[in-house]
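Engineer: Positions annotated as domain 'RsdA/BaiN/AoA(So)-like Rossmann fold-like' by TrEMBL: 6-391. Annotation source TrEMBL lists domain 'RsdA/BaiN/AoA(So)-like insert' at 189-338.
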Amino acid sequence: MAEAFDALIVGGGAAGLMCALTAGRRGRRVLVVEHANRVGKKILMSGGGRCNFTNLGAGPDNYLSANPHYCKSALARYTPWDFVAMVERHRIAYHEKELGQLFCDESSKLIVRMLLEECAAAGVRIEVGCGVERVRHGPGGFHLDTARGVFSAPALVVATGGLSIPSMGATGFGYDIARQFGLNVLPTRAGLVPLTLSGKHAERFHDLSGVAFPVEARCNGQSFRNRMLITHRGVSGPAILQISSYWQPGDDLRLDLLPAVDAFDWLRQQQAARPAAELKTVLADALPRRFAQRLCEVWLPNRPMRQFREAELRGIAAQLADWPLVASGTEGYRTAEVTLGGVDTDELSSSTMMARRVPGLFFIGEVVDVTGWLGGYNFQWAWASGHAAGEAL
Ligand SMILES: Cc1cc2nc3c(=O)[nH]c(=O)nc-3n(C[C@H](O)[C@H](O)[C@H](O)COP(=O)(O)OP(=O)(O)OC[C@H]3O[C@@H](n4cnc5c(N)ncnc54)[C@H](O)[C@@H]3O)c2cc1C
């Protein structure tokens, strides 16, 4: 005998919980089925344990999708301020770190607790440690065969997230459900992920692991100005994580190593001020000393500044401002923060997140082909898409 609900939600992450509490508040009988032993594991580990739960500047331009217009409606109807209002209602202290990024003062546990309290108040039932064996569709709507029995409802919401960090419960189950119902799934790949270097490129950096400095990373018409960190496998840090979502093996990736200054003007000033200083010494004022030294060992001529002619300084400045980074790949889903690609938005209504060809079947959050930048944008998409579906159930 199946237990009946108005809506079944597979996945108790950010999007699933937001959808559940929204529909529950509207009087719907909602069941969340989560296969991990607790809900919201990615929320708990996010933002270094402090959850960067939204970004005040979140807008369509901060998302990658085959259809950049798709996310507009949901983002407009559930804004960062709507989420902030809930956070404030629960008296969770928060602060803006940089660039509109809001973090908890204390712990991301408070965000999960808030979502669970809201779900409880809205009468949502949550089953954790409950794997789904099969999804069936037929008379009576959607049926989930689980280890705890069969659950049925006229609506099924898929909120299973992406493939990143498999150790936290990530699976490709949501994509499988989409395919089961004949929906197109766009190729997936790791996003917001460290890049790896190999061969001579790795050798030149490998002993500089831990060195960090601001750069502007540019690729395929996008640029991000932030910190880069050299790791033992390649490069990471916010600038690299951001640009990684726009990069694929073989693409041209450039770094401005002195993003805060006009490199030529600065070198000329240095030449006038310290003609006897060598280039590596001068560069060490603007870059970490070991990195400046390596630049001059491998790529740049190291001489006293007075010996450079203007054309040479222009050449050095051009190299510093447009330095090619030859990455071999990414660290993959093991360390990626998000998954690019996913359920094709052409298959879904942008106002309700429901599959156009399968009434009652919804996809929300990261499983959909909408991926945000680093900085709270991915949670904002999870909240907004979860809310949009929750209003439609
Ligand atoms: C280390 C890390 C840090 C991050 N930090 C931030 C940050 O600070 N700010 C930000 O905006 N974004 C951050 N992100 C991205 C953000 O966590 C995700 O974009 C967001 O959680 C997506 O929400 P979701 O609900 O779609 O998926 P998830 O939150 O991943 O939830 C999916 C849920 O579905 C469950 N599930 C999967 N398969 C099944 C199945 N077969 N049956 C039942 N349940 C299933 C999973 O266990 C999980 O609970 C971070 C990601 C990582 C990995």
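The backbone N, Cα and C atoms fix where each Cβ goes, and this holds for glycine too.
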Engineer: Could you give the mean pLDDT over the domain 'RsdA/BaiN/AoA(So)-like Rossmann fold-like' (6-391), rounded to a whole number?
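Structural biologist: Taking every residue of the domain 'RsdA/BaiN/AoA(So)-like Rossmann fold-like' (6-391) together, the mean pLDDT is 97.
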Engineer: Run through the domain 'RsdA/BaiN/AoA(So)-like insert' (189-338) and tell me, per DSSP, how many residues are helix, strand and coil.
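Structural biologist: Secondary-structure composition of the domain 'RsdA/BaiN/AoA(So)-like insert' (189-338): 58 helix, 36 strand, 56 coil.
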